[in-house]
Amino acid sequence: MYLLDNPVRRYPWGSTTLVQQLLGRPVDGRPVAEVWMGAHPDDPSTADGGGRRVALDALVASQPEAMLGPRVLAEAGPRLPFLAKILAAARALSVQVHPTTAQAEAGFAAEDERGVPRTDPARTYRDRSAKPEIVYALTPFELLSGLREPEQAAKLVAELEVRALDHLVVLLREQSVDAHRGALTWLLGQRESAAPWVEAVAETARDAVGARPELAVVHDLAQEFPGDPGLLAPLLLNHERLEPGQALYTAPGTLHAYLRGMAVEVMAASDNVLRAGLTTKHVDVAELLAITDFTPRLTGFLRPVRVVPGVVDYVAPAADLGLRVATPRAGDELPGPEDGPRIVLCVEGEVRVVAADARRLLPGDSVFVPHVDGPLVVSGHGTAVVARA
């Protein structure tokens, strides 16, 4: 078992208080957006195994079967296939979508064939992997996920009474499976000329903030991303709020954006992100339209599966990702995942993690438990989140 020292990402959208309070660190006014726990080659965690400190990606590569186990090694190769994060958003992240494995493999090969450098900011595919995600709320967590029924979206847009959006309403009311495709194509074509109607939408939202929760989000986005047509996202996507302890799965092809709050996120270890709005970064319109699933769908809440009292699993459908939450109380010895690579994060109280050896964890502390250490047990009085492949 290895105690982890995890890199911190200070993106501008990060909260200036949430992670600091979790970790018991001073609030100094600087944002902390993400804490990465894993073996991402750009910024791996450092593993401390009894005084020997080594980057986690190097540790896994040096003993892949011991670290990963035969099942994960056969499926993913000699690398840790998931990344866990603490994510704390004070303002919205971009509207984005992630590819399937087949789409990522084809897109990566095509860009390599065209000679697009892998470090080029305009490159779309950074690797050959899908990027499914599970997010588990630690505080109330607000997000957009999945497309609304087109008629419902059309009604919300029409209620703005902005003449420049009449054509968008017509597109959404088309009786076809491509209603959202047509709407998104039109919106993406407006990126350079949207300023007048974006301002009109912002004014309408400002004057009607109390009328609908979606308009309050539109109003906030107008302040955070002036001139960006992506401010209509809350009217086109499902607007949801996770309460602490709820979890959501984002499948490849699903448009989504995180808005506010703190959560643990577990995802496939991939950098493949295609942005659609609320961003100043590159938008690959053709590829975005090619990989987005335009089927209207409800938000992908995950039902907690009780393992034993005090232990629940959240398992992603059709993805080799999982998250277990253990809430031991005095005298409890709760089971963690029995095999494979695991990352255990304490998010509340004090927990003790026992496998081949033992570690005491306080909020924000995390350990990497390799396959070779065998089954793990969580005790103490607190809450531990366990990410696994």
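Any Cβ shown, glycine's included, is placed from N, Cα and C.
Among the features that TrEMBL reports, domain 'Phosphomannose isomerase type I catalytic' is placed at 3-148. According to TrEMBL, the feature Zn(2+) binding site maps to GLN96, HIS98, GLU133, HIS256. Annotation source TrEMBL lists active site at ARG275.
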Zn(2+) site, defined by GLN96, HIS98, GLU133, HIS256: further same-chain residues with Cβ within 8 Å of the Cβ centre: VAL97, LYS131, THR250, THR254, LEU255, VAL273
Cβ atoms near the residue listed as 'active site' (within 10 Å, other residues, all chains): 20
Count of other CB atoms lying within 10 Å of the CB belonging to HIS256 (Zn(2+) binding site): 26
The domain 'Phosphomannose isomerase type I catalytic' (3-148): DSSP-derived helix, strand, coil residue counts: 38 helix, 41 strand, 67 coil
GLU133 (Zn(2+) binding site): tally of other CB atoms within 10 A of its CB: 24
Segment-level pLDDT (mean, integer) for the domain 'Phosphomannose isomerase type I catalytic' (3-148): 96
